[in-house]
Ligand SMILES: Nc1ncnc2c1ncn2[C@@H]1O[C@H](COP(=O)(O)OP(=O)(O)O)[C@@H](O)[C@H]1O
Ligand SMILES: Cc1ncc(C[n+]2csc(CCOP(=O)(O)OP(=O)(O)O)c2C)c(N)n1
Ligand SMILES: [Mg+2]
Ligand SMILES: [Mg+2]
Ligand SMILES: [Mg+2]
């Protein structure tokens with residue numbers, strides 16, 4: 001495809017973006033009308049939204065359009081499964097500069113479509129407008145299939161804390177890219193394209209998870225929200241976290257303790273959940289800590305009993 005999105009025009013662009021979009025059985029009416037119609041078998045709808053902005057969430061010299069698409073969708077779909085729900089549909093608001101190559105927009109859409117496919121959802125609508133910074137605003141919907149939502153507020157003293165998915169890989173990749181390098185590839189790829197363990201969300205609900213969240217900002221920060229919402233203290237055991245040798249090498253090379261990436265690095269979208277101590281967890285869940293009563297203390301996350309004194313994760317108004 002030749003030209004810019006400006007040359008294609010609003011409706012030419014929409015035609016290109018929506019051509020051949022796959023449907024799923026949940027989609028009664030897809031893009032093309034004033035609104036889409038999505039089945040909600042449960043009769044409750046799980047809904048979540050996240051905005052990604054060029055320069056803040058991604059850089060065009062670090063990630064392809066396809067990568068940005070995969071990541072934007074993943075970030076939202078991970079929030080759906082973190083409730084214990086199955087993703088059904090995704091809506092996409094796009095702000096694009098007029099001089100952006102049309103292929104960039106189409107490849108972004110390819111990435112969004114493919115990530116939706118991985119999670120079982122479909123793109124059902126969106127919006128496009130012109131603006132200075134590329135902005136991808138996504139709303140994802142999901143279905144609980146009769147289950148109770150797994151909230152942030154259900155952790156109880158005596159529960160275990162378990163994680164599944166990657167931790168620290170995206171942050172290590174970000175550290176590499178920030179210093180002008182493009183390798184080790186596995187970490188750079190993890191930053192470009194997170195792989196949330198989608199199936200594990202609804203599975204955790206079935207395993208009796210009492211609370212759950214995805215790790216978008218950093219494990220300590222995101223678990224901090226669980227601790228606060230549940231009115232508990234959460235203690236992590238440092239030795240239960242695996243720091244891969246290659247991650248340790250990067251840490252050595254750039255002068256960062258790699259445990260910092262594991263405990264406070266965001267964007268891998270691992271799932272962290274609390275479970276009753278007697279829950280039978282499959283091997284892909286690693287127990288990394290426990291839930292403790294407040295006993296007059298603060299609702300916070302500690303590591304080996306000690307308050308984590310570095311930032312627990314990303315904060316858009318505090319982190320540069
Ligand atoms: N501008 C807003 N208006 C209303 N609710 C918001 C707004 N921004 C964030 N929230 C809500 O605050 C909570 C925390 O947001 P956030 O940290 O972005 O969650 P997540 O990391 O799961 O995306 C979410 O329930 C989100 O819906
Ligand atoms: C260019 C660039 N700089 C910095 C980062 C790091 N970063 C940006 S947003 C973010 C945290 C997650 O994003 P957020 O918008 O907070 O998602 P949410 O928590 O709402 O799911 C991180 C670690 C990045 N991905 N790209
Ligand atoms: Mg958010
Ligand atoms: Mg989340
Ligand atoms: Mg965040």
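Placement of Cβ uses the backbone N, Cα and C atoms for every residue, glycine included.
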Which of these, 79, 99, 110, does TrEMBL say binds Mg(2+) 4 at the same site as 34, 48?
79
Could you tell me which of the binding-site residues 48, 49, 50, 126, 152, 267 have their C-beta within a distance under 6 angstroms of some atom of ligand 3?
50
Could you give the Cα-Cα distance between residue 48 (Mg(2+) 4 binding site) and residue 127 (Mg(2+) 1 binding site), in whole Å?
17
What average pLDDT does the predicted model assign to the domain 'PurM-like N-terminal' (32-142)?
98
Please name which of the binding-site residues listed here, 127, 217, 267, is nearest in space to residue 152 (ATP binding site), Cα against Cα.
217
Using other CB atoms within 10 angstroms as the count, which residue among the binding-site residues 34, 50, 79, 214, 267 scores least?
34
In DSSP terms, helix, strand or coil for residue 127 (Mg(2+) 1 binding site)?
strand
Secondary structure at residue 79 (Mg(2+) 4 binding site), reduced by DSSP to three states:
helix
